[in-house]
Every structure is written in structure tokens, then in C-alpha cells.
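Residues annotated as domain 'Major facilitator superfamily (MFS) profile' in TrEMBL: 17-180. Annotation comment: TrEMBL describes 16-39, 51-71, 83-102, 108-129, 138-156 as transmembrane segment.
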């Protein structure tokens with residue numbers, strides 16, 4: 001019994017959508033780990049004890065986890081396209097706020113806002129792909145998007161350390177602005 005494969009190569013008309021969703025997932029995943037190697041530099045610049053800086057990491061991760069369930073409701077209420085666009089705007093502006101922060105409290109506040117935007121990027125982007133890409137091409141689309149999400153946390157610590165060495169800790173956040 002030879003069954004024909006039920007998946008196909010991703011067609012060109014869907015590549016832009018997959019690319020945009022992949023960039024969003026990459027940014028969200030990258031920001032989970034890029035901060036880790038910049039914490040000592042941030043603590044020094046903000047005149048804080050490095051042990052108090054854990055809030056910068058925890059605020060983002062907890063906000064992402066807490067806000068993911070809202071993504072479906074927001075997409076239904078305001079539309080997938082509008083919600084995804086708002087997520088990119090929130091994430092990018094919060095990244096700018098993080099990069100310009102002068103106190104630990106400001107940084108944590110902007111990390112929370114960044115987490116809200118980041119929480120919407122993956123599920124709403126995936127929902128857009130599910131609605132628009134034919135079922136036979138969905139596996140190829142998800143594979144490409146997932147690859148971007150896996151690369152982000154892998155290069156985050158190295159990229160964060162490099163940015164701190166060649167520039168300042170601010171750039172671990174400002175790097176999101178061109179992608180946004």
C-alpha cells in the first residue's frame with residue numbers, strides 16, 4: 001500500500017509570511033537568552049548588585065508565559081494581522097525602552113512590556129500560518145519557523161557577550177529595532 005505523501009514543498013507565495021513569522025519567533029527566543037551574558041555589565045552600569053539583576057530575566061520569561069493564553073483571544077477580537085502587527089510594535093518599542101533604561105526598575109518595566117509583545121509573536125504568527133498556508137505545505141512552513149526559534153536561544157548568549165564587549169549592554173536590546 002503506497003500512499004502519496006501528504007506534504008509538499010512550501011510555495012513561493014507563502015515564503016514572505018513564513019519569513020516574517022520566523023523573524024518574530026527568532027526575536028522572541030533570542031531575547032530569552034541574550035541578556036544572560038550582559039547581566040554583569042548591566043549591573044555595573046546601573047550601580048546594582050549583580051545578584052539583584054535576576055528580575056531582568058525573570059520578568060521577561062514570566063510575562064511571556066503569563067500572556068501567551070491571551071494571544072488567541074486578542075487574535076479573535078482584533079484579527080490576526082492587527083494583533084501580530086501590534087505585537088511587533090510593542091516588542092520593538094519595549095526593546096528601545098530597555099536599551100534606554102537608566103535604572104533597574106525601568107529596565108524591569110520595559111522587560112515586562114517586551115514580554116507582552118514577545119508572548120504574542122509566536123502563537124499569533126503560527127495562527128496566521130495555520131489560516132493561510134494549505135495543509136499540505138504546513139509541515140514545511142512549521143519546520144522553517146521552528147528552525148528560527150531554535151537558533152535564537154543558541155546564539156543569544158554568544159551574541160550578547162560579543163555585543164557587550166564591542167559596544168555596551170544596551171545593544172542586547174537595541175539589536176531588535178532593525179528586525180522590528
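Placed from the backbone N, Cα and C atoms, the Cβ positions cover glycine too.
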Closest-packing stretch to the transmembrane segment (51-71), where packing means Cβ pairs under 8 Å, from 16-39, 108-129, 138-156: 108-129
Residue numbers, six or more beyond the limits of the transmembrane segment (83-102), whose CB comes under 8 Å of its CB atoms: 24, 27-28, 31, 46, 71, 74-75, 109-111, 113-114, 116-121, 124-125, 128, 170-171, 173-174, 176-177, 179-180
